[in-house]
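Copied over from Swiss-Prot:
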- G25, K26, G27, G28, V29, G30, K31, S32: ATP binding site (BINDING)
- C201, C204: [4Fe-4S] cluster binding site (BINDING)
- S291: phosphoserine (MOD_RES)
Amino acid sequence: MEEQEIGVPAASLAGIKHIILILSGKGGVGKSSVTTQTALTLCSMGFKVGVLDIDLTGPSLPRMFGLENESIYQGPEGWQPVKVETNSTGSLSVISLGFLLGDRGNSVIWRGPKKTSMIKQFISDVAWGELDYLLIDTPPGTSDEHISIAEELRYSKPDGGIVVTTPQSVATADVKKEINFCKKVDLKILGIIENMSGFVCPHCAECTNIFSSGGGKRLSEQFSVPYLGNVPIDPKFVEMIENQVSSKKTLVEMYRESSLCPIFEEIMKKLRKQDTTTPVVDKHEQPQIESPK
């Protein structure tokens with residue numbers, strides 16, 4: 001593994017136009033589902049997309065993309081990302097620790113230094129090539145992995161992070177901690193997505209609120225960050241993920257037919273129109289927080 005010079009962006013990220021982290025305050029809010037759908041939407045829009053899974057103890061993206069039997073190969077320029085799709089306009093590739101574990105049942109019992117070393121290797125040793133977007137799927141909460149990725153990406157100037165929550169108050173309370181973490185490490189919050197906001201009936205396609213709603217919107221107003229949208233639970237999306245290996249269509253083609261695709265297309269349009277200079281401000285409380293040196 002090559003050592004990255006202090007103050008110099010990682011050479012492996014030099015060809016990447018936009019770097020976006022996907023964050024959540026707690027587990028179980030569908031963060032990896034949001035990462036997957038963001039990647040599929042951007043690819044279907046014609047962009048070259050890479051996805052980096054740094055949820056080291058729970059890597060789920062190989063399963064989400066139907067790549068559980070794939071492996072990472074070492075090429076002359078570094079680790080080669082696993083290809084999900086390459087079409088005439090866009091492309092999609094993935095890197096995950098899940099490709100190195102072999103068996104899905106293998107557990108990862110690592111202390112902080114080993115996790116940090118693995119993340120450094122993911123940042124410096126992957127041959128991404130030219131990408132429009134690199135999406136980084138992070139673990140829930142604020143852990144060693146978050147601190148490591150923030151430090152490793154500091155000089156590569158990531159665009160910021162998308163924070164995923166669910167409508168319930170227990171989830172939105174944890175999101176406040178995630179927002180404060182982003183402020184401390186100088187990571188811009190690009191917006192909040194309220195996931196699992198309603199349930200799409202598989203028979204009539206009517207969307208019904210099964211939880212409370214509006215928690216994500218209220219958070220965005222409190223912290224003056226963009227509200228990107230709300231995403232319902234659609235059983236047909238789960239069915240699509242489960243059956244993708246046996247389908248004659250590619251995952252991107254199947255997703256284009258999903259009821260969730262238009263929702264994420266609107267979210268991506270909002271994201272791409274953003275002014276990157278918008279600060280994060282808590283209207284209820286405005287503590288003076290110094291960024292770490």
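Heads up, the Cβ atoms here are built off N, Cα and C, so glycines get one too.
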Which has the fewest other Cβ atoms within 10 Å: G27, G30, the binding-site residues listed?
G27
Looking at Cβ-Cβ distances, which residues of the chain lie under 8 angstroms from V29 (ATP binding site) while being 6 or more apart from it?
P140, V164, T165, T166, A171, N195, M196
Name the residue among the binding-site residues K26, K31 whose Cβ has the smallest number of other Cβ atoms within 10 Å.
K26
If you count other Cβ atoms within 10 Å of each one's Cβ, which of the binding-site residues C201, C204 has the most?
C201
Mind giving me a neighbour count for G25 (ATP binding site)? Other Cβ atoms within 10 Å of its Cβ, every protein chain shown.
25
Taking only same-chain residues 6+ apart in sequence, whose CB is under 8 Å from that of S32 (ATP binding site), what do you get?
D53, D55, S60, L61, M64, D137
